[in-house]
Every structure is written in structure tokens, then in C-alpha cells.
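Read through the structure below, which is laid out as C-alpha cells, and then see the notes.
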């Protein structure tokens with residue numbers, strides 16, 4: 001093993017000098033002697049000097065310390081030994097439950113499957129959440145993004161999807177916590193434990209308080225574990241919360257690596273870094289990876305380079321809106337902004353497609369009429385428009401739903417609504433079958449039968 005020494009430390013970025021004939025390759029892992037720190041080579045600067053990112057705190061490191069080249073990329077445990085465990089970016093256990101005891105380790109930098117190896121499918125993945133199943137259905141083996149600003153419910157929606165899909169879906173799941181709150185990681189662990197699905201989930205955390213190196217690589221660590229399950233012929237779920245923090249970690253180290261910033265101060269390699277991660281999240285002929293990613297939207301601006309770059313890679317986008325959340329309608333999914341490639345009559349069938357499009361039409365028309373109502377009042381509308389507004393308000397309330405993971409806060413039991421019941425409920429409202437019911441009856445219920453029951457009590 002060749003060894004070098006530290007010549008410069010700037011925050012999380014460390015320059016190491018090696019003999020000219022033994023310069024480590026890019027992405028090689030280096031170990032600092034006498035410290036537990038791992039470094040990853042990012043650039044070769046010439047004259048035997050390499051620029052690296054530290055996977056951990058750089059406190060206590062100083063110039064002149066010896067560094068050893070491991071001659072390989074960072075590798076992490078993969079396989080069934082990882083299930084039910086919490087690990088960090090390097091695959092070390094952080095749940096105080098002893099060593100992982102893995103049979104195999106894999107490098108976190110791998111090539112994406114070739115075009116010939118990839119496989120696509122049109123099978124729908126039922127989530128039990130009405131608004132998602134209706135207007136932006138998920139594909140099995142697809143990629144889904146949950147977009148939203150701060151505090152509109154990305155993590156709660158993510159937890160509900162995990163609960164509904166991971167419990168109904170008997171396969172394996174991998175959860176990568178990228179730069180999110182440690183408290184949420186803890187809540188998630190206990191949620192999985194209480195639901196008795198912990199033995200099917202591998203958890204990888206690189207939280208907010210960790211150095212940028214950890215947050216930049218933790219998504220790749222989780223993905224490497226998911227790829228192993230996929231290559232063994234399983235259908236895997238990969239949850240990433242939050243993909244924006246992955247971009248942000250790249251931004252933090254980009255300037256230290258000596259790159260010029262691009263738009264809004266992001267790294268110039270933003271699209272490439274996103275592509276490297278997203279292209280690996282794909283289904284092959286062996287098995288599938290269905291990925292659900294939360295995407296933080298800075299200042300609620302969907303045109304910000306980070307969410308805008310993420311859009312290009314997704315099959316379905318679920319947009320959470322602050323305006324809808326302010327009406328008290330949860331999940332605060334915007335049915336007019338959310339889209340899915342699966343929303344096609346050839347994939348989901350005519351009835352589902354027509355119902356979804358009609359719901360969107362009614363809500364869009366209501367949005368247009370709001371200005372007239374605000375100025376002139378309801379009385380100035382034609383009879384047809386009055387009827388449309390009444391139905392739109394019922395649809396808007398019927399799009400809300402009590403969640404299982406929020407039972408503790410709301411006090412009302414969670415509801416799982418099958419796709420069949422969802423379509424039946426909305427098409428009934430559109431046809432006018434429930435025009436006689438008060439709109440409050442549709443708020444925070446599961447299926448349409450519950451709305452009818454609720455109306456009797458009002």
C-alpha cells in the first residue's frame with residue numbers, strides 16, 4: 001500500500017501528497033493513520049498531490065499526518081445482513097446492535113445498467129392515497145418525486161407511502177436519510193419497528209449535522225444496497241429523503257474543490273451529479289427498483305436549478321402546495337400540478353383516465369371562477385357554473401384523507417382506499433350522485449361510503 005501525507009486542510013477538503021509513481025486513482029478511499037477518518041479522492045492536482053473529501057469530521061487532523069491508499073473505492077455491506085440495521089455512509093452500524101456480519105461488500109461507485117440490461121413495465125403500484133392513485137399513479141419500477149417547500153408534508157407523505165407500500169408489498173426496502181433531521185430518522189426507525197417490517201428494511205443515515213462528504217455519498221451507499229437486492233431478483237423499494245440535500249452537499253464542497261459556481265451558486269456539475277445517481281436507480285431484467293424521493297423546493301420555487309434538474313429523471317411528480325395546506329386539506333397534493341407518465345388510457349384504462357381528467361377540468365374551472373366569485377359573489381354565476389363550483393368544492397375536500405402515520409396528531413384513524421373505490425367515489429361526485437350531501441361530509445374521509453355515513457351525522 002502506498003502512503004502519503006496531508007499537506008493542506010480547508011474545511012472538509014484535504015490535499016494529500018503521494019510519491020509520483022503511486023498517485024491514487026479518483027474515487028479511491030484513503031485512510032488517515034492514527035485517526036478514524038476516511039477520505040475520498042476527487043481530483044489529481046499534479047505533482048503527486050490529490051484533493052480529497054473527508055467522510056467525517058476533520059477536527060484533530062493536521063499537516064504531516066500519514067495517509068494510506070486502500071487502492072479501492074469506499075465499499076459498504078450488502079445483502080440480507082443489512083436488513084433491520086441502521087448504518088452510516090461507510091456501512092458502519094450506528095444502532096449499537098453489534099457488527100453487521102455481512103458476507104459481501106460492494107464499492108459505492110458502480111456503472112449504471114446498460115441499455116440492453118434495462119427493463120420497463122407498466123404495472124401500477126397502488127398506494128392507498130386517493131389523490132395520488134387518481135391523478136399521478138405510480139409505476140412499479142418507476143421513479144417518483146415528492147416536491148414541496150418547507151413544512152408542507154413531504155416527510156409525512158413519504159412515511160405514509162412507506163407504511164402503505166412496505167406493509168402491503170412484501171419485498172425489501174432501503175431508506176436513505178440524506179441530510180435530514182435526526183429526529184425524523186429516529187421516528188422512522190420506531191415506526192418501522194412498531195409496524196413489524198423492520199426486518200425487511202435497511203436504513204442508511206447521513207443526517208443534517210454531518211460533514212458534506214457524508215451527505216454527498218450516503219445516497220450512493222443506500223443505492224448500492226438496493227442494487228444488490230435487485231440483482232438477486234427482488235423488487236426493491238428505495239426511499240430517499242431528501243434529494244435536495246444531496247445537491248446541497250455537492251454545492252458545499254464544489255467551491256472548496258476549486259470549481260466556479262454556476263446559476264444561483266450551485267455547482268457547475270449539478271446535472272452530471274444528479275444523473276450519476278438517478279441513472280443507477282433503474283429496473284433490470286433481474287429485478288426492479290421503485291424509488292420514491294422527497295425533493296425540497298427552496299422558497300417554493302419549482303424553477304430553482306436543483307428541483308428543475310430532478311424533474312427530468314422522474315416518471316411521476318407529486319407536487320405539494322402551500323395554498324392547499326393553508327385550506328387544511330391534507331395530503332396537500334396539488335392535483336393540477338402533479339403529473340405521471342402512467343396517466344394514459346392505454347396503461348390505466350379509459351374509466352380511470354376520464355375520471356382523473358374530468359376532476360382536473362372541474363378544479364381548473366373552479367380556479368378560474370374564483371376571481372369572479374371574489375368580486376361579484378356566487379349569485380352572479382350561471383346555474384351550470386354554480387353546480388360546477390359546488391362539485392369542485394366537494395372534490396377538493398374528498399381529495400383529503402386521514403393518514404395512519406398522523407393518527408397520533410389528528411386523533412382520527414388512518415384510511416387505505418383501494419383504486420376501485422377511489423375511481424367510483426370521484427366519478428359519482430362528477431355525475432352529481434352526491435349533490436344533495438353537504439360538502440363538509442367529504443372532508444377527511446376514506447371511501448365515498450364514509451362520506452355518506454358522515455353526512456347522516458351532520
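Just so it is clear, glycine is given a Cβ too, placed from its N, Cα and C backbone atoms.
Database features (Swiss-Prot):
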- 148, 149, 150, 151, 152, 153, 154, 155: ATP binding site (BINDING)
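Known features from Swiss-Prot, placed on the structure.
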residue	record	Cβ within 10 Å
148	ATP binding site	27
149	ATP binding site	17
150	ATP binding site	11
151	ATP binding site	10
152	ATP binding site	25
153	ATP binding site	21
154	ATP binding site	26
155	ATP binding site	19
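DSSP gives residue 151 (ATP binding site) a coil state; it is part of no helix or strand. Other residues of the chain with a Cβ within 8 Å of the Cβ centroid of 148, 149, 150, 151, 152, 153, 154, 155, the ATP site, are 296, 320.
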